[in-house]
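Enquirer: Quick one: structure below, then a few questions.
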Ligand code: GDP
Ligand code: IMO
Ligand code: MG
């Protein structure tokens, strides 16, 4: 029995999809356990580029199941469009499974997400506008509608009638927006239910059967630790738990089933959306990294904010996520810089601190304490092993491992599959 979790260790977009895709080559099942189509995971399969939002990165092998777990939120319309797009590229999606317990994103969730965030003005979160927060709010408020409800028109109508009464009042009275029509929504969502029916199962039973049969199950996190609702830069976070432990709740497996947690990071930091970011760069170094790294969001196409690697953040993520290994992507993007900086601590009111403060005000006031390492000018995009790295690039990797206290599993020198250097077989690692 083996369960590996792949999680983001920064503010998302660390290259999790790519690492999941690698590890999934030797797995029997890949499970998404939280989030929804706010995610955008870039992967290359047989030279073709895919940008997955709701569909797990394990979809590409028909002998492997790709599961959307109970902790996810699902926009059926967007999911069907994504499946169609994948099928158009010649990939079968029959191996998809969707949890009957996952919650459904409705158009009113998306609308309220966008209207509510815009209303916050300067204090906006900068959400993806996909309705993620409002859907998780309804789940917690116990007025959510689950995938299983789409298969029963009577229950769907009854639950939707209750919910719409309140949502329409909010839309009309607070946002001066037209209401939704109950029967139109029922008809549309019953039809989605029928289209998705072949994929809908009790995924909790399925995942546990796989684990009990000693099959290899990979859990694919979306977002990242700093966007975690409990441990991230609250309130500038998403509404789910991307951390390693989230896999247990969002997939319905016990914590004893998880044997490894791979934290994925970039060799620098990026963030899309608002909120504190202590090592953010506002100079030409940041612009250079953004351009070389093509740092524009997959989902919303927004330019990503860029900064130096922050090991205070990574230690926080490793601690709360229980990282056993680290994957560091985009080392190539730092090539050509005279020096590279690593934040090793923060200074707050003249005191050195090594943990990430809870108080937003404190995070906004900290000054990073940097260690400046010599850069490397060599082109590293063609290297095939760690010992081919220039000495200064190797020093950088080693220092990151030391500062976080977690060994590297992979590092990458470019976006394509051949540019990820895998240091060992993680399924068989002692
Ligand atoms: P995810 O959301 O964590 O799966 O990551 P995204 O796909 O949103 O963003 C990662 C971006 O970095 C994508 O555009 C990748 O193609 C790119 N990428 C991943 N690894 C590397 C790397 O080693 N070097 C470079 N230059 N780009 C990379
Ligand atoms: P992947 O899986 C980067 C950010 C949004 C916003 C905040 C809340 O590709 O790494 P939400 O729509 O979730 O309520 O927005 O979280 N965000 C992401 N940033 N990568 C993601 O996913 C993200 N998903 C959400 O920009 O700041
Ligand atoms: Mg992404």
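Using N, Cα and C of the backbone, Cβ positions are placed for all residues, glycine too.
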Enquirer: Considering the IMP binding residues 13, 14, 15, 16, 38, 39, 40, 41, 128, 142, 223, 238 given in TrEMBL, which of 97, 101, 288, 302 is annotated for that site as well?
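Expert: Same IMP site in TrEMBL: 302.
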Enquirer: Taking the Cβ of residue 301 (substrate binding site) as centre, how many other Cβ atoms lie within 10 Å?
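Expert: Neighbour count, Cβ to Cβ under the 10 Å cut-off: 9.
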Enquirer: Which binding-site residues from the set 42, 223, 298, 299, 300, 302 have a C-beta atom lying less than 6 Å away from ligand 1?
Expert: 42, 298
Enquirer: Between C-alpha atoms, which of these binding-site residues comes nearest to residue 12 (GTP binding site): 38, 40, 223?
Expert: 223
Enquirer: What residues, ordered by sequence, lie under 8 A Cβ-to-Cβ from residue 298 (substrate binding site) and sit at least six positions away in the same chain?
Expert: 13, 40, 41, 42, 51, 53
Enquirer: Select, from 18, 139, 331, each of the recorded positions with a Cβ positioned under 6 A from at least one atom of ligand 2; if none does, say none.
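Expert: Checked recorded positions vs ligand 2; nothing flagged, none.
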Enquirer: Taking only the binding-site residues 15, 300, 304, which one has a CA atom nearest to the CA atom of residue 128 (IMP binding site)?
Expert: 300
Enquirer: Which ones are near residue 38 (IMP binding site): of the binding-site residues 15, 18, 300, 301, 304, 331, which have a Cα within 10 Å?
Expert: 300
